[in-house]
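Over in TrEMBL, the protein carries these features:
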type	residues	note
DOMAIN	7-118	domain 'Thiamine pyrophosphate enzyme N-terminal TPP-binding'
DOMAIN	207-334	domain 'Thiamine pyrophosphate enzyme central'
DOMAIN	407-554	domain 'Thiamine pyrophosphate enzyme TPP-binding'
BINDING	453, 480	Mg(2+) binding site
């Protein structure tokens, strides 16, 4: 047992430095000040305190850093007011599997005791000592409350090990007076063992998959985000190149491999997919989904399951109806406890020796070229067409939820991990603060941020961080004056063409954008006059190209560029929703779910 003593704050600092942490994000508070002071007072510490303008921005910033760097991203807040504000971003990190560590400084032990005995509420207390930790238990893989120093080493190590092995957030709540108290120093490095799968189940899953491929032929791989989160991109690339089979990605996994790869065939996003990619995916004899999650944004209004489908995710493999090697008809099977890395390795080893019909579809351009008349107003599609021509390997795209994500999904990203989006959690405003964390994680790339005006109003204070930390982030605020995606979901009628629009006489409000979906108009480009940076407004293709030239002429500066768009203009990829009734157009029934036949071999 160690005889050397350190403070609890020092113990945590030592562990974070051991894990390669370079930043701690957050909003400082007195309950966590002893830990922050411990970092500040050590000139040799590798950790930089990178503060944020509020807790939501801090959480998204930490998430962006974690997903690009693969490292643990600590975010420090103060009890109650800070912790509850941070909950939304941490839930997003939990859903999307990013390694964020919440550090919540809490009132002292004596203050907690006086609250219990005398009923005194100190700053930020609710009266329930477990209120903060209980709120986080459902969005973390480990949550611990450190009330005395002797508990600290075991609880800190437990949470950090869980974050590493599970790839999801953890939570540490430390009483303010405990930070300065002594505990045993670490005696060895942290050891987080990877999950071990069941070899027998893995073999059976691979055999069933090979039987399907042999029977149905013409397979296509569907790449999911688990490949990136579990650092399996090279394994997947080897599988693709060994078999010479084409692949598509989910929208959440966009750019999991460089999209310049000769076997890449686009992003599959259900009904929001370009027709060429959709047909290619649907016409495949079998679809092998590796690490793809069943989220609505990954599926674009379609069902995730059909005959000829294999889904390997969440440490299990589901194989659809097929004929096995003995000629026997086999129904859908599920094989539990199958680790994705092992499944890919065994599939790659065995498929190379097998005869089956290959799939060699032709490829069409991802981003359809839109006419770009110099003086014509910009549309979503023409804007992203210009951006597609502009992008280089020196950029990293960070996209917000809603129309920006749908407009950007077919950009050609020629570098792995060059496209960042919270395409499962879909918290609007994510992109602006996340891009700061993305920049911290990789200084070599210039973040290009695409965010709607409503989303920008949520987290625009992060532009202050862009300037304060001297990053060169470029934020494009797509200004249509409304919450477009919200309007589309409940009532797409305003977005229909005149000959398709339904004219509601008894409910005239359904003929136009709802008042509650209209935004207060901001001069978005002028925020830089307050917080620093350069601003511009563009409404035509010429103006956009001139602004991009200015961006290139100032490679060290941060920008906010306001992109003026028509209120009812929409990306082509979401236009399919105008062909069906919105939720408010059928008030007496549940919302329509559009399904699509995705099997051509039955």
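Just so it is clear, glycine is given a Cβ too, placed from its N, Cα and C backbone atoms.
TrEMBL entries are annotated by machine, without manual review.
Within 10 Å of the C-beta of residue 453 (Mg(2+) binding site) there are 23 other C-beta atoms, taking all protein chains into account. Residues in the domain 'Thiamine pyrophosphate enzyme N-terminal TPP-binding' (7-118) partition by DSSP class (helix H, G, I; strand E, B; coil) as 59 helix, 22 strand, 31 coil. Of all Cβ atoms in the protein chains displayed, 22 besides its own lie within 10 Å of the Cβ of residue 480 (Mg(2+) binding site).
Look at residue 480 (Mg(2+) binding site): DSSP puts it in coil. Per DSSP, the domain 'Thiamine pyrophosphate enzyme central' (207-334) is made up of 40 helix, 32 strand, 56 coil. Averaged over the domain 'Thiamine pyrophosphate enzyme N-terminal TPP-binding' (7-118), the predicted model has a pLDDT of 95.
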